[in-house]
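Inspection log for the structure reproduced underneath, given as structure tokens.
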Amino acid sequence: MAEARSGSLEYTPTWVVAFICFIIVLLSLLAERGLHHLGKCLKRRQQDALFEALQKLKEELMLLGFISLMLTVSQAAIRHICVPPALVNNMFPCKKPLEEHHAPKSSHSIINNARHLLSTGESPDHCAAKGQVPLVSVEALHQLHIFIFVLAVFHVIFCASTMVLGGARIQQWKHWEDWFKKRPSQKGTTRRGHHAHAHELFSANHEFFEMHAGGFWRRSVVISWVRSFFKQFYGSVTKSEYIALRQAFIMSHCRTNPSFDFHKYMLRTLEIDFKKVVSISWYLWLFVVVFLLLNVGGWNTYFWLSFLPLILLLMVGAKLEYIISSLALDVSEKRSRAEEAVITPSDELFWFHRPGIVLQLIHFILFQNSFEIAFFFWILFTYGIHSCIMEKLGYLIPRLVMGVLVQVLCSYSTLPLYALVTQMGSKFKKGIFDNVVQSTLEGWLEDTRNRGESTSEAHRIEMQPTTPESYNVQSENP
């Protein structure tokens, strides 16, 4: 009792208490001010999508704060929950020694188990007097607390790095956009210049159709799927594909504005999607709970689960590549029927006619991959490399290799593919308007609602218009 009292706040030097409190408050204020200034910087640069993503990140930090508070406040109550020994004598992450597992449950062993489960300084008398053991120890709660924090941090880091690397990959397509916009359309341009550019454009379109629909064997569904699967590993997007899909988007949504900056539009939509990807949805937390439940020693759950993000990523990449091939095959069939041979974007190309499913799958893939790496580092620094939870080296190395492969493939292939191919849906995305136009439309809608305008007109403004070219969508250009 004397040792317990000497370790309490009552018998801790005041300078120690003040110093620790000062450090914690200082670090918290620095983090808060840093996020505040980052938000102001994004606002000044009119990066509204990234600013919204930052706000979403703050919400996730607030959720972590609530989880931390709940674990801290309920710690005393949880450690006094007593259960029969048989209830906590199975489904361990590590296999218990046989002699311990089959030992009779005497009152002496119950007390020893209680002392083992509780951290130093706790009294097992509360449960031992009932012939029971604590449900969970304070040490286990503390380690779970750290794991949740590490998981959230790794998820944010992985999502941010994926978006940055994917955005850098998309930025490499800028010269294709510049090439298309520099076509000789102004008055005074020589006829030779017109013919030269038209020939280059024809060559690019011809290359696109020959690549995906040339020859009988390319029209086979099986061959097309196999080719799409392997193409995601090399040259996932070519110049001819970019130009063909860009033309399809312009003809469907911006027919009267051929100089629309499609490349900038893609980057804006990617920034908007980042806000969704950086969050941890309820079903992702449910996935964590299920994994913690099934992480039983001998089941190798961690190893088998590491295949899931890789399999899903390969499926998504192959599907996106197959959509490009399907667009080319559709045009080829139209030519054979003497119809207008133009690429027609459609939601029917995507799973369940919903392009948004692709983003949800990428969200889950990134979270699952960050979960794998976060769990590895948490075990490494908490229990050490030789922990039984870490499993054998033969299981460990493949997991790490697959984690790195998923991160690289998603950043440099799948995410850029997603940014381009999902524009081939029936509707365009919110990012088609620049920040100024978007704010103006939202303000107009809000004023209309406040004035009590008819519901049909407000609904018409809310819906995506079919002629965005009537707005000054390029006002961001200097």
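Backbone N, Cα and C atoms are what each Cβ position is placed from, and that goes for glycine too.
Annotated topological domain 'Extracellular' per Swiss-Prot: 1-10 (among others), in sequence order, evidence recorded as sequence analysis.
Marked as transmembrane segment by Swiss-Prot: 11-31 (among others).
Look at Swiss-Prot and you will find 32-60 (among others) tagged as topological domain 'Cytoplasmic'.
Under the heading transmembrane segment, Swiss-Prot lists 61-81 (among others).
Positions annotated as topological domain 'Extracellular' by Swiss-Prot: 82-145 (among others). In the predicted structure, the topological domain 'Extracellular' (82-145) carries a mean pLDDT of 65.
Cβ atoms under 8 Å from those of the transmembrane segment (146-166) belong to residues 57, 60, 64, 67-68, 270, 274, 277-278, 280, 288, 366-367, 369-371, 373-375, 377-378, 382, 407, 410-412, 415-416, 419 of the same chain, restricted to positions at least 6 beyond its ends. The transmembrane segment feature in Swiss-Prot is assigned to 146-166 (among others); the stated evidence is sequence analysis.
Per Swiss-Prot, the feature topological domain 'Cytoplasmic' maps to 167-276 (among others); the stated evidence is sequence analysis.
The transmembrane segment annotation in Swiss-Prot covers 277-297 (among others).
Residues annotated as transmembrane segment in Swiss-Prot, with sequence analysis given as evidence: 298-318 (among others).
The feature topological domain 'Cytoplasmic' is assigned by Swiss-Prot to 319-360 (among others), with sequence analysis given as support. Here the topological domain 'Cytoplasmic' (319-360) is broken down by DSSP into helix, strand and coil counts: 29 helix, 0 strand, 13 coil.
Here the transmembrane segment (361-381) has Cβ contacts under 8 Å with residues 146-147, 150-151, 153-155, 157-159, 162, 276-277, 280-281, 284, 287-288, 291, 302, 305-306, 308-309, 312-313, 315-316, 387, 389-390, 396, 399-400, 402-403, 406-407, 410, 414-415, 418 of the same chain, all six or more residues outside its ends. Marked as transmembrane segment by Swiss-Prot on the basis of sequence analysis: 361-381 (among others).
Same-chain residues lying 6 or more positions outside the topological domain 'Extracellular' (382-400) and placing a CB less than 8 Å from one of its CB atoms are 93-95, 143, 146, 295, 297, 300, 302-303, 306, 372-373, 376. What Swiss-Prot lists as topological domain 'Extracellular' is 382-400 (among others).
Per Swiss-Prot, the feature transmembrane segment maps to 401-421 (among others); the stated evidence is sequence analysis.
Look at Swiss-Prot and you will find 422-478 (among others) tagged as topological domain 'Cytoplasmic'.
Sequence annotations record features per position, and here Swiss-Prot assigns region 'Calmodulin-binding' to 435-456.
Positions annotated as region 'Disordered' by Swiss-Prot: 449-478.
If you look at the transmembrane segment (298-318), the same-chain residues 6 or more away from its ends with a CB under 8 A from one of its CBs are 95, 225, 228-229, 232, 236, 291, 358, 361-362, 364-365, 368-369, 372, 375, 391, 395, 398-399, 402-403, 405-406, 409-410, 413-414, 417-418. Remark: secondary structure over the topological domain 'Extracellular' (382-400) totals 12 helix, 0 strand, 7 coil, with classes taken from DSSP.
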